[in-house]
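*Asks:* Sharing a structure below in structure tokens format, with a few things to ask.
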Amino acid sequence: MTLSELLPSLGCEAADRLEPGLWPRRTHLGAGGELLFAGAPVSHLAARFGTPTYLIDEAQVREAARAYGRALPEAEVAFAGKALCTRGVLRWIAEEGLSLDTCSAGEIAVARAAGFPAERILLHGNAKTPEDLKAALEYGVGRIVLDSLDEVEQLGSLAHGVQDVLVRVTPGVRGDTHEAVTTGTEGQKFGFSLRSDVRDNVDRAVTAVLAQPSLRLTGLHCHIGSQVSRVDRYEEAARRMIEVLVRVRENHGVALRELDLGGGHAVPYVARDDSFDLTGYARRLRVALAYECSSQDFPMPRLVIEPGRAIVGAAGITVYRVCAVKRGSRTFVAVDGGMSDNPRPSLYGARYTARLIGRHTKAARTPMTVVGRHCEAGDVLAADVYLPDDVHVGDLIAVPCTGAYHHSLASNYNLVSRPPLVSVHDGHATLLVPRETEEDLLRRC
Ligand SMILES: Cc1ncc(COP(=O)(O)O)c(C=O)c1O
Ligand SMILES: N[C@@H](CCCC[NH3+])C(=O)O
């Protein structure tokens with residue numbers, strides 16, 4: 001193994017190249033340390049839009065959407081809007097022919113404003129409010145995924161025509177991911193249980209839905225978690241869900257035609273992270289479903305999947321400016337953003353890499369911790385990343401893999417404005433979401 005191959009696995013980066021697989025495909029190092037993002041120099045983008053700024057490569061989002069279509073042409077692919085929900089992004093998703101998974105009246109409003117076709121929208125949520133349900137019914141979303149017996153009753157009385165619905169199942173499969181985003185096991189809040197000794201179980205849910213004249217049960221849903229790289233866990237979920245479909249046929253006499261296996265496909269944030277094998281997933285899922293269906297004599301259901309992070313995560317980077325460098329027992333590089341634009345390290349202990357951009361330096365690289373500006377010691381963006389010793393105030397720092405769950409998870413903590421989202425395509429930048437202004441903040445305070 002050469003030194004440059006070894007460095008990323010040690011958490012070090014070679015100064016003259018980007019860590020493979022972590023940066024958007026059209027991101028390159030240019031002359032003088034400039035970072036070129038989808039054909040545009042990042043220092044120019046930072047000067048034009050300020051910092052911090054989220055950048056997103058439109059072509060990469062579209063390519064990721066198409067990759068799913070190629071891998072699973074027989075499936076309906078619904079982008080999980082919670083990963084990145086803006087009108088501009090949803091228009092790309094609609095144009096690429098994907099469906100959309102939403103989870104609130106707010107996300108439905110954005111989809112509606114983007115002209116996203118209602119029949120391609122699903123609504124999720126363990127605690128949908130009457131407003132969420134009404135927004136879905138009013139726009140005419142294709143399917144609502146039911147998650148409690150209370151909701152079956154509420155939707156049953158709110159729906160006027162006939163609303164297609166799925167029942168969300170807790171399949172008892174562990175995604176092998178952070179506990180906070182483990183959603184397929186007993187003892188967490190999502191889905192109907194497979195256990196008959198609890199109230200909200202799958203059999204009761206199916207009975208309740210079938211008794212509602214305004215609801216039409218089209219299938220079952222499960223989602224085992226997020227940032228899941230193990231394909232075998234999806235195979236296991238697929239097998240169990242076919243067993244549940246068979247059980248529903250036995251107990252209720254209906255052969256449901258739709259199986260939604262959720263999303264959760266992982267993307268690498270740092271060099272040691274596993275990536276998700278989309279081709280292997282498609283192949284193994286197909287085999288598992290075909291085998292289970294033929295051995296149980298069940299008609300192959302129409303497959304739906306809901307990737308979010310895997311469509312947008314790797315297409316984005318965030319650019320910050322250094323506000324202070326503190327050299328003590330550990331060197332802290334403090335930037336002008338932090339947990340308000342990226343709470344993932346504090347929520348899930350997520351790890352990121354970071355690099356100095358916009359100038360060339362021959363200074364030695366040593367481990368430093370990139371921290372934010374917020375009033376919490378846990379406000380760390382990237383721990384132990386190798387940055388040049390001469391990093392100083394005014395330098396630009398770029399963090400890759402920030403396309404998913406950054407803009408959508410951002411807050412105004414410490415009344416810091418949320419950053420703009422800028423899409424870049426063939427060197428041309430478009431402001432998708434402006435930076436929040438003082439007026440925006442004052443409206444809430
Ligand atoms: C029901 C459902 N579908 C899809 C997703 C998308 O997850 P990811 O962005 O990890 O693909 C989520 C979030 O975990 C979800 O809750
Ligand atoms: N917000 C989480 C993912 C949540 C998935 C939605 N159910 C993350 O950033 O990793």
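Cβ atoms are placed via backbone N, Cα and C, with glycine included.
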*Asks:* Going by TrEMBL, Gly264, Glu306, Pro307, Gly308, Arg309 bind pyridoxal 5'-phosphate; tell me which of Tyr139, Tyr405, Tyr413 is listed for that site too.
*Replies:* Tyr405
*Asks:* Look at the binding-site residues Arg309, Arg344 and tell me which residue has the greatest number of other C-beta atoms within 10 angstroms of its C-beta.
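*Replies:* Of Arg309, Arg344, the one with the most crowded Cβ is Arg309.
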*Asks:* When you rank Lys82, Arg344, Tyr348, Cys375 by Cα distance to Arg309 (pyridoxal 5'-phosphate binding site), which of the recorded positions ends up on top as the closest?
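*Replies:* Checking each of Lys82, Arg344, Tyr348, Cys375 against Arg309 (pyridoxal 5'-phosphate binding site), the shortest Cα distance is to Lys82.
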*Asks:* Using C-alpha atoms, which one of the recorded positions Lys82, Arg344, Tyr348, Glu376 comes nearest to Gly264 (pyridoxal 5'-phosphate binding site)?
*Replies:* Lys82
*Asks:* Please list, in sequence order, those recorded positions from Gly264, Arg344, Tyr348, Cys375, Tyr405 with the Cβ less than 6 Å from ligand 1.
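*Replies:* Passing the 6 Å Cβ check against ligand 1: Gly264.
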